[in-house]
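Summarising the annotation, Swiss-Prot assigns transmembrane segment to 43-63, 85-105, 109-129, 183-203, 218-238, 254-274.
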Amino acid sequence: MDLWTAAQALILGIVEGLTEFLPISSTGHQIIVADLIDFGGERAMAFNIIIQLGAILAVVWEFRRKILDVVVGLPKQQEAQRFTLNLLIAFMPAVVLGVIFADTIHHYLFNAITVATALVVGGVIMLWAERRVHTVRTETVDDMTWRDALKIGLVQCLAMIPGTSRSGSTIIGGLLFGLSRKAATEFSFFLAMPTMVGAAVYSGYKYRDMFRPDDFAVFAIGFITSFVFAMIAVRALLKFIATHSYAVFAWYRIAFGLLILATWQFGWIDWASAKA
């Protein structure tokens, strides 16, 4: 492993960790940054799976007490049973649509221009959602009904379009469906666990031939970096949403998306995978 390859792994690990749980699209940022630093091919497919696992481990660690309480209480406690059922209900739409459409979406939509467009559109929707008057009827994740979970699960499917943001769609969807800001954010984190692990297992099996012993050091750098920066991002976001709205992320999405579109339109950057 040369120094530049290590630097690429470090950069992409940081990007994944910082963006995975913020409503700004980690997949979109990965596509853009990987394009800029010329990190692609079979190694990149396997590498992306590894750094996503690093990010999800950070959330598992951050919410380990809640997870342990649910696991211990699952046989007898109705609250734990309802929470688990809600996660399964919210998880299933992504499983069904992911298996059916994942390859098609990856082939046609994984490019810089799709990402930029989705960033802008998603940012506008976030601003609209934030400016609406919210009637909170669900204060905590334990108060959610199966209908709340199903609606959030359906909204999560929008994130199959790169640049949309899984966390952004589930959080904003939760707010529109009557969840408190804290409940919407926490449920988005919990839903990420089965969703991302399921996607990683599916992709890992599908691309199992791309995992090579020679790439272990690269994977290790990306995994550790992603874990550390995801932990920082999750803790920062939980503190941030206690006193702020998501408008700042919306404006960031719009500005970043427009910048990408401008560089493409004026030919300042030759995006390797750009499509009109």
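Each residue, glycine too, has its Cβ placed from N, Cα and C.
Recorded stretches compared: 43-63, 85-105, 109-129, 218-238, 254-274; the one with the most Cβ pairs under 8 Å to the transmembrane segment (183-203) is 43-63.
Counting only same-chain residues 6+ beyond the ends of the transmembrane segment (218-238), those with a CB under 8 A from a CB of the stretch are 1, 5-6, 9-10, 12-14, 16-22, 43, 46-47, 50-59, 61-62, 185, 189.
Within its own chain, the transmembrane segment (109-129) is flanked in space by residues 23-25, 27-28, 31-32, 35, 161-165, 168-169, 172, 175-176, 246-247, 249-254, 256-258, 260-261, 264, 271, 273-276, which lie at least six positions past its ends and keep a Cβ under 8 Å from the stretch. Here the transmembrane segment (85-105) has long-range neighbours at 141, 144-146, 148-150, 152-154, 156-157, 160-162, 187, 190-191, 193-195, 198-199, 202, meaning same-chain residues at least 6 beyond its ends whose C-beta is under 8 angstroms from one of its own. Remote same-chain residues near the transmembrane segment (254-274) are listed as 24, 31-32, 35-36, 38, 40, 110-113, 115-120, 123-124, 163 (criterion: CB distance under 8 Å, separation of at least six residues from the stretch ends).
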